[in-house]
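Here's the structure, in C-alpha cells; my notes come after.
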Amino acid sequence: MSAQFLYGGAGILLFALGLWSLLVHEALLRKLIAINIAGGGVFHVFIAIAYRGDTAPPDPVPHALVLTGIVVAVSATALVLALHRRLEQAEESAADAEGRSESASASSAAPPPRTPTERTPTERTPTELTPADLTPADLTPETLHPETPHG
Amino acid sequence: MADLLILPVLVPLLGGLLATALPVRSALVGTLAALATSLSGLGITLLVWLHGDLGTVLGGWGVPLGIGLSADGLSAALLAMASLVALAISIYAGSYFAGSAQARHFWPLWLLLWSALNGVFLAADLFNLYVMLELLGLSAAALGALTGKREAIAANLRYLLVGLLGSLTYLLGVALLYTAYGTLDIGLLGERLGPTPIAATALALMVSGLALKTALFPLHFWLPPAHANAPAPVSAALSALVVKASFYLILRLWTELFAPIADIGAATLLGLLGAGAVLWGSWRALRAQRLKLLAAYSTVAQIGYLFLFFPLLASLPPGTARDDLFAACVLMALTHGFAKAGFFLAAGLVQRKAGHDRISELGGVAQRMPATTFSIALAGSALVGLPPSGSFIGKWVLMRGAFETGQWWWLPVTVLGTLLAAAYVFRVLSRAFGLEPTPLQFVTNARSEIPALLLAFASVALLGLAAGPVWAILGFGAAPA
C-alpha cells in the first residue's frame with residue numbers, strides 16, 4: 001500500500017513540477033519538456049491506481065489508458081516540434097526580407113534569432129550583412145520573441 | 001440502430017484518410033465526405049428525436065474496455081448544429097482554397113477535426129472524451145497555422161501548448177475519479193458519485209482544464225491571436241465549433257456528473273468569470289482594429305454569457321424554470337455557433353476582396369459586397385441578441401431567471417454586455433458604407449457568399465422563430481411564450 005502511495009504521490013509531484021516549469025520558463029523546448037513531465041506524472045498516477053495487492057493481478061484498464069495516453073503525448077510532442085521548426089523558418093525568411101529592405105534596425109519585426117557565430121557566409125551574402133544586424137541590442141529577448149500586436 | 005452512432009465519427013475519419021491518399025482530388029473527396037458526415041450527423045439527430053436516447057458499445061467489448069458511444073438530447077442538439085455549420089464551412093472552403101496549395105493540407109485536417117468533434121459529442125466515457133479532445137486540439141492547432149505566417153504559427157503553437165495543459169489537467173481529474181469509483185462511464189459515475197473531497201478535487205481539475213480549452217476569462221489569452229490569424233474557414237470552425245466542444249463537456253459534467261458537489265458557491269465563481277468575460281471581451285471587441293480580431297474577442301464575450309447560466313441553474317430546484325434555463329443556455333450556444341461561423345466567413349470574404357480587414361478602412365464594402373455585408377449585419381444582430389434571434393430568447397430567459405432567483409447582479413452584466421455588443425457591431429456596419437454607387441447584383445460570388453448568408457440567417461430566424469424544437473429534443477415541455 002505504501003509503495004502505491006509513494007508512486008502515486010511522486011506522480012502528483014511530477015505533475016506539479018511540470019506545471020510550474022511550463023508557466024515559468026519562456027523557451028519553447030523547456031515548455032515542451034515540462035508538459036511531457038507533467039504528462040508523465042499523470043501516467044504515474046494511473047499506474048499506481050492499477051495496483052491491487054501483491055497476490056491479485058493489476059487492474060488492466062489503467063494500463064490500457066496509459067498506453068493510449070503515451071501515443072497521444074508522442075503525437076502532440078511531434079506536432080509541437082514540427083510547428084516550432086516552421087516558426088523558425090518563417091522567422092528566418094522574415095528576417096531575410098527585412099535585411100534586403102535595409103531597414104532592420106528601424107522596423108519592429110525581429111532580426112534573425114541567431115548568434116553571430118552561427119552565421120555562415122553561404123546563408124547570407126556579404127552585402128546583406130549589415131553591421132546593424134550584429135549589434136547586441138538586436139539580440140535582447142524582446143526582439144527574439146516579438147509580441148503580436150494584439151497579444 | 002444504435003450502431004449507427006459510429007457513423008458521424010467514422011465517415012469523416014475515412015474521408016480524411018482518403019483525402020490524404022489522393023491529394024490531387026482532395027477537394028472533391030473532402031466535399032463528398034463533408035456531405036456524408038453532415039447527413040450522418042443529422043440522421044443521428046433525427047433518430048434521437050424519434051426514438052429518444054441511443055447508446056452502444058463498439059466491437060462487442062464490455063463496458064470497462066469497450067468504447068461506449070451514446071447520444072441524448074444535448075448531444076443531438078450540438079451534433080445537428082455542428083453538422084449544419086461544418087457543411088456550410090466545407091462548401092465555403094471549397095471556393096476559398098480553390099487553386100491554392102493549402103487545400104491538400106486543409107481537407108485531411110478538417111475532416112479529422114470534424115471526426116474528433118463528433119466524437120466529443122457522442123463519447124460515453126471520460127477517457128475516450130480525453131482522446132477526442134486531444135485529437136480536436138491537435139487538428140485545430142495544425143489548421144490554425146495553415147497560412148504558414150509567423151503570427152499564425154506562433155499563436156497556434158501557444159494554443160497547442162495551452163490545449164495540452166488543459167487536457168492533462170482534465171486527465172488527472174479522470175484518474176482521481178477512477179481511483180475513487182472504479183469506472184469511467186459517465187452514467188455509472190453519476191450514480192455513484194458523492195460529496196467527497198476526492199470528487200471535489202476531480203471537479204476542480206476537470207473544469208479548470210476544460211475552462212482553459214474553452215477560453216473562459218481570464219484563461220482566454222490564447223484565443224484572440226489564434227482565431228484571428230487563421231484562414232477564414234478555420235477561424236469559423238475554431239470559434240463556432242471547437243470551443244463549444246469543451247463547453248458542452250463542462251455543461252454535461254457539471255449538471256450530470258458533479259450535481260452532488262457543484263453547489264451554488266462553485267457555480268457563482270463560474271458565473272463571475274463569465275461576467276468578466278462578457279465585459280472584458282465586449283470591451284476589447286469594441287476597441288479592436290481588425291474585423292477578425294473583433295470577432296475573436298466577441299467569442300470570448302459570448303462564451304461568458306453561457307457561464308452566467310450556471311449560478312442560476314444551481315439555485316433552482318428541478319422543474320420547468322430550471323429546464324427553461326438549461327434549454328436557453330443550449331440555445332445561446334447553438335445560436336452563437338451559427339452566428340459566429342457566418343460572421344467569420346463573411347469577414348474572410350471582406351479580407352480577400354479588400355486585401356485587409358482594418359475596420360477603419362472598410363468604406364464601400366456594403367456597396368461592393370452587399371450579400372456579405374448583409375451576412376455580417378444579420379450575424380451581428382444575433383450576437384447582440386436582437387429579436388427574433390436565438391440569443392434574444394436566451395438572454396430573455398437568463399434575465400428572467402436572475403429576477404426569479406433574486407440574483408439581480410447578473411442583470412447589469414447582461415445589459416452592459418448587450419450594449420457593448422451593439423456598439424461593436426454597429427461600428428463595423430457604420431464603416432462599411434461608402435459613397436460608391438450601389439451595384440445591381442446582390443450576390444457577387446455565390447459559392448462563398450451563400451454559406452455565410454445561410455448561417456447568419458439561421459442564427460436569426462431558424463433558432464429564434466423556431467426555438468421550440470430545441471426544448472423538445474432536450475426532453476422538456478414547450479418553450480416559454
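Cβ coordinates are placed from backbone N, Cα and C, and glycine is handled just like the others.
Small disclaimer: the values here were computed from a predicted structure and weren't measured.
Among the features that TrEMBL reports, transmembrane segment is placed at B:29-49 (among others).
Per TrEMBL, transmembrane segment is recorded for B:77-99 (among others).
For the transmembrane segment (B:106-123), the residues of the chain that approach it from at least six positions outside its boundaries are 5, 8-13, 15-17, 19-20, 26-27, 29-30, 33-34, 37, 41, 44, 67-71, 75, 78-79, 82, 86, 90, 93, 97, 129, 131-133, 135-136, 139-140, 142-143, 146, 231, 233-234, 237, 241-242, 245, 248-249, judged by C-beta separation under 8 angstroms. Per TrEMBL, the feature transmembrane segment maps to B:106-123 (among others).
According to TrEMBL, the feature domain 'NADH:quinone oxidoreductase/Mrp antiporter transmembrane' maps to B:123-420.
Taken from TrEMBL, the feature transmembrane segment applies to B:129-147 (among others). When Cβ-Cβ distances below 8 Å are used as the criterion, the transmembrane segment (B:129-147) is approached by residues 102, 105-106, 109-110, 112-113, 115-117, 119-120, 123, 153, 155-157, 159-160, 163-164, 166-167, 170-171, 174, 213, 226-227, 229-231, 234, 237-238, 242, 245-246, 249 of the same chain, each at least six residues removed from its ends.
Outside the transmembrane segment (B:159-178) by six or more residues, the chain places 126-127, 130, 133-134, 137-138, 140-141, 144, 184, 189, 193, 198-199, 201-206, 208-213, 222-223, 226, 246 with a CB less than 8 A from a CB of the stretch. TrEMBL lists B:159-178 (among others) with the feature transmembrane segment.
The transmembrane segment annotation in TrEMBL covers B:198-223 (among others). Within its own chain, the transmembrane segment (B:198-223) is flanked in space by residues 133, 137, 155, 158-159, 162-163, 165-174, 176-177, 179-180, 243, 246-247, 249-250, 253-254, 258, 260-262, 266, 270, 273-274, 276-277, 280-281, 296, 299-300, 303-304, 307, which lie at least six positions past its ends and keep a Cβ under 8 Å from the stretch.
The transmembrane segment feature in TrEMBL is assigned to B:230-251 (among others).
Sequence annotations record features per position, and here TrEMBL assigns transmembrane segment to B:257-281 (among others).
The transmembrane segment annotation in TrEMBL covers B:293-313 (among others). Beyond the transmembrane segment (B:293-313), the same-chain residues lying 6 or more positions past its ends with a Cβ under 8 Å from any Cβ of the stretch are 214-217, 220, 223-225, 227-228, 235, 239, 243, 247, 251, 254-255, 264, 267-268, 270-271, 273-282, 284-285, 322, 325-326, 328-329, 332-333, 336, 340, 343-344, 347, 359, 383, 391, 394-395, 398, 401-402, 405, 407, 410, 413-414, 417, 420-421, 424, 428.
Long-range contacts of the transmembrane segment (B:325-350) within the same chain: residues 74, 77-78, 81-82, 84-85, 88-89, 92, 96, 231-233, 235-237, 239-241, 244, 247-248, 251, 255, 291-292, 295, 298-299, 302, 305-306, 309, 312-313, 316, 357, 362, 365, 369, 372-373, 375-376, 378-380, 382-383, 389-391, 393-398, 401, 445, 448-449, 451-460, 462-464, 467, 470-471, 474, 476, 479, each at least 6 residues beyond the stretch ends and with a Cβ under 8 Å from a Cβ of the stretch. Residues annotated as transmembrane segment in TrEMBL: B:325-350 (among others).
If you look up TrEMBL, you'll see B:408-429 (among others) marked as transmembrane segment. Remote same-chain partners of the transmembrane segment (B:408-429), defined as residues 6 or more beyond its termini with a Cβ less than 8 Å from a stretch Cβ, comprise 271, 275, 278-279, 282-283, 285-286, 288, 291, 294, 298, 301, 304-305, 308, 311-312, 359, 362, 366, 373, 376-377, 380-381, 383-385, 395, 398-399, 402.
Feature annotation from TrEMBL assigns transmembrane segment to B:450-474 (among others).
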For the transmembrane segment (B:450-474), distant same-chain residues with Cβ under 8 A (at least six beyond the ends): 45, 48-49, 73-74, 76-77, 84-85, 88-89, 91-92, 323-324, 326-327, 330-331, 334-339, 341-343, 345-346, 349, 371-372, 374-376, 378-379, 381-382, 387-393, 443
